[in-house]
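Noted in TrEMBL for the protein shown:
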type	residues	note
BINDING	Trp17, Glu19, Asn21, Glu30	Ca(2+) binding site
TRANSMEM	31-50	transmembrane segment
TRANSMEM	62-81	transmembrane segment
BINDING	His78, His204, His208	Zn(2+) binding site
TRANSMEM	170-187	transmembrane segment
TRANSMEM	207-225	transmembrane segment
Amino acid sequence: MADGMSSFWGPVTSTEWCEKNYVYSTYIAEFFNTVSNVPGILLALIGLINALRQRFEKRFSVLHLSNMTLAIGSMLYHATLQRVQQQGDETPMVWEMLLYLYILYSPDWHYRSTMPTFLFLYGAAFAIAHALFRFGIGFKIHYVILCLLCIPRMYKYYIHTTDVHAKRLAKLYLATIILGSMCWLFDRMLCEKISGWYINPEGHALWHIFMGFNSYFANTFLMFCRAQQRGWNPKVAHLLGCFPYVNIEKPKVQ
C-alpha cells in the first residue's frame with residue numbers, strides 16, 4: 001500500500017498488500033510481510049535437519065528445501081515489490097504443490113518414471129509461461145486447484161492412520177490453513193476499511209506465519225505416513241514437550 005518514506009527499489013511493479021510501504025526502512029517495502037517469513041524458514045530448517053539425521057527419502061529433504069526457497073522468495077518479493085521478485089515467489093508456490101502431489105500420489109503410481117517426468121515438464125512449462133505473462137486471478141485459481149488435488153489423498157492418509165499424535169498433526173495442518181486463508185482474505189478484501197484503523201492487524205503477515213506452520217505440520221504428517229508404508233515404526237516425538245517431529249526405527253539389516 002503506497003505511503004511511507006522514499007523507495008530504494010524504485011516504483012512498485014508488483015501486486016501490493018494492505019501494509020504501508022517503506023515505513024521502517026528504505027530497503028524493505030512491506031516490513032511485516034517480509035519478516036513474517038522467518039518462522040517458515042526456521043521450521044523448514046528443523047524439518048530438513050530431522051529428515052537428513054534419520055535418513056528419510058530424499059524427497060522430504062527436497063520438500064523442506066522447497067519450503068525454505070518459497071519463504072526466501074516471498075521475503076524478496078515483499079521487500080522489493082517488484083514484478084520479477086513476485087514471480088520468484090509465485091513460481092516456487094506451484095513447484096512446491098507439484099512436489100506435494102508427487103509425495104502424496106507416487107506410492108500407488110505403478111509407472112514410476114511417468115509422474116516425476118510429467119510434473120517436472122509441467123513445472124518448467126509453468127515457469128516459462130509465468131515469466132512471459134501476468135496471470136493475476138488465473139494464478140490464484142490455478143494454485144487453489146493444485147491445493148484441492150492434495151485433499152483426497154491427505155484424507156485417505158488421515159483415515160488410515162490410527163496414531164493419535166499423527167492425527168493431531170493432520171488436524172493442525174487443517175486448522176492452520178483455514179486460519180491462514182481467513183487472514184489472507186481479510187487483508188485482501190477489507191484493506192480499505194483496515195487502512196482507517198489505528199493498528200493494522202497485518203493479515204498477510206499472519207498468513208505467512210500460519211502457512212509456515214502449515215507446511216511443517218503437513219511435512220511431518222507425510223513423513224510419518226511414509227515411514228509407516230516403509231515399515232520404519234514411526235512415532236511422533238515432541239521437542240521440549242510440545243514441538244512435534246517424527247522419530248523412526250529402521251529394521252536392522254541382517
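Note: Cβ is positioned from N, Cα and C throughout, glycine not excepted.
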Cβ under 8 Å, sequence separation of at least 6 from the ends of the transmembrane segment (31-50): give me the contacting residues as numbers and ranges. 17, 19, 23-25, 56, 60-61, 63-65, 67-68, 70-72, 74-75, 78-79, 202, 204-206, 208-209, 211-213, 215-216, 219-220, 223, 245-246
Using the Cβ centroid of His78, His204, His208 as the reference point for the Zn(2+) site, which residues of the same chain not in that list have Cβ within 8 Å? Trp17, Glu19, Glu30, Phe32, Asn33, Thr34, Ser36, Asn37, Ser74, Ala205, Trp207
Among all the protein chains here, how many other CB atoms are within 10 A of the CB of Trp17 (Ca(2+) binding site)? 22
Which of the listed binding-site residues (His78, His204) has the least company, meaning the fewest other Cβ atoms within 10 Å of its Cβ? His204
